[in-house]
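Take a look at the structure below.
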Amino acid sequence: MTNIRKTHPLLKIVNHSLIDLPAPSNISAWWNFGSLLGLCLIIQILTGLFLAMHYTSDTTTAFSSVTHICRDVNHGWLIRYLHANGASMFFICLYMHVGRGIYYGSYTYLETWNIGILLLFTVMATAFMGYVLPWGQMSFWGATVITNLLSAIPYIGTSLVEWIWGGFSVDKATLTRFFAFHFILPFIIAALVMVHLLFLHETGSNNPSGIPSNSDKIPFHPYYTIKDALGFLMLITLLLLLALFAPDLLGDPDNYSPANPLNTPPHIKPEWYFLFAYAILRSIPNKLGGVLALVMSILVLAIIPLLHTSKQRSMMFRPLSQTLFWILVADLMTLTWIGAQPVEHPFTTIGQVASVLYFALILILMPLAGLIENKILKW
C-alpha cells in the first residue's frame, strides 16, 4: 500500500516540500536562513498574538498597556522581549539570506527573487509599524519623520500624508490603523512565503557552485531536516540570550519615555536594521532625492539579475567579484554605523561617500568585474 503522505491531498504538499523534496547534496549553512526566517515568522506571530491580547491601541493607554504587559502579565516581559528581539533576529536572517542570494547568483530565479524583494519590503513595513505601537518618544517621532517623507511626492504628497495619519498629525487614528496593519501584515507575509516557495520548487534550489545539480540530488528528509533543526537550536539560543541577558541592547532608551509631541528627541533614529537605509536617505540634501535614494536602496535588488554579466552563476570561483561583494558588506556596515550618528562633520561626508559607493558597487563595479573575469578566462 502507498504511504498516506504520498496520497493524501494535504500531506502530499508537505511531502513534496519537506520530505521527498530532491535537494542538492552540497548546499552549505548559507542555505539554512530560509527555514530560519520561517521560524522567526512563527515566533513573531505567536508572541505578537499574545501581546495583542493585552495591548490597547489608544494614545492615552498604549504606553501604559506595554508597561502593564511587562509588570503584571505572567511572563509578559519575556513575551515582549522575545517579540522585540525576534524582529532583530528576523532582519539578521533576512540580510544573510539576501546576501547569500547575491553571492551565489540565486537571483537568476527571477520569480523567486522578485517575490523575495516584495517580502523584504513587507517585513520592513511591518517592523516599522510595530515600532510605533509602544507609543514611546522614538515611536512617535519615528512615525512622524518616516510618514512625512511621503510629503516629498509632488502634488499629492501633503494630502497623502494626512490621509495616512487620519488627521493633521500622528495621533490616535494613526496608532489604531498601524496596529491593525501590524496585525494583518504577518499573515500576508506568510501567504507570500508560500508563493516564494512555490516558485522555488519549480526550479529547485541553487547550490554553492552555481552548477545545475540535477544529477546529484538527495532527499530533504532526513539530511536537511536535521541540518535545519541545528539551525533552529542556534537561533533560539541566540534569541534567548538576547531576550534574557540584554533585552534592551538593540533598543533605544528614548522609547522608555512616553510619546510627547512637544518635545523632540535630540537624535531621531530608527532601529538598527533600518540604519543603512536611513543613512542613505540623510546623505542627500534634497528631500525628494533622499526619498528616491531610500526606495532605490532596496529596489536596486530587482536590477541585480539584469546586470549579471559573468558566464558563471556563482561567485565561488570569481575572486574579483568576491572582493567587491565583501566591500559591499563592509560598506553596508559603515552605513549602519553612520545612520546612528548625529548629522555633523565628518559623519555627513562618510555617509555620502558610503552611499555613492553602495550604488556604484551594485550598478557599475560588480557588472564590470563579471566582464573582466570573462576576459581573464577568455570566454
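Every residue, even glycine, has its Cβ placed from backbone N, Cα and C.
According to Swiss-Prot, the feature transmembrane segment maps to 33-53, 77-98, 113-133, 178-198, 226-246, 288-308, 320-340, 347-367, an assignment based on similarity to another entry. Swiss-Prot lists His83, His182 with the feature heme b b562 binding site, giving similarity to another entry as the kind of evidence. The feature heme b b566 binding site is assigned by Swiss-Prot to His97, His196, with similarity to another entry given as support. Here Swiss-Prot flags His201 as ubiquinone binding site, drawing on similarity to another entry.
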Contact call for the transmembrane segment (347-367) against the transmembrane segment (178-198), three or more Cβ pairs under 8 Å: no
Highest-contact recorded stretch vs the transmembrane segment (178-198), from 33-53, 77-98, 113-133, 226-246, 320-340, CB pairs under 8 Å: 113-133
Chain-internal residues near His196 (heme b b566 binding site), provided their CB is under 8 angstroms and they sit 6+ positions away: Thr112, Ile115, Gly116, Leu119
Candidates His83, His97, His182 (binding-site residues) - the one closest to the residue listed as 'ubiquinone binding site' by CA: His97
Cα separation, His83 (heme b b562 binding site) to His97 (heme b b566 binding site) (Å, whole number): 21
Contact check, the transmembrane segment (113-133) vs the transmembrane segment (226-246), 3+ Cβ pairs under 8 Å, seq sep 6+: no
Ranked first among 33-53, 288-308, 320-340 for CB pairs under 8 angstroms with the transmembrane segment (226-246): 33-53
Intrachain C-beta neighbours of His83 (heme b b562 binding site), sequence separation six or more, cut-off 8 angstroms: Gln44, Thr47, Gly48, Leu51
Which of His182, His201, the listed binding-site residues, has fewest other Cβ atoms within 10 Å: His201
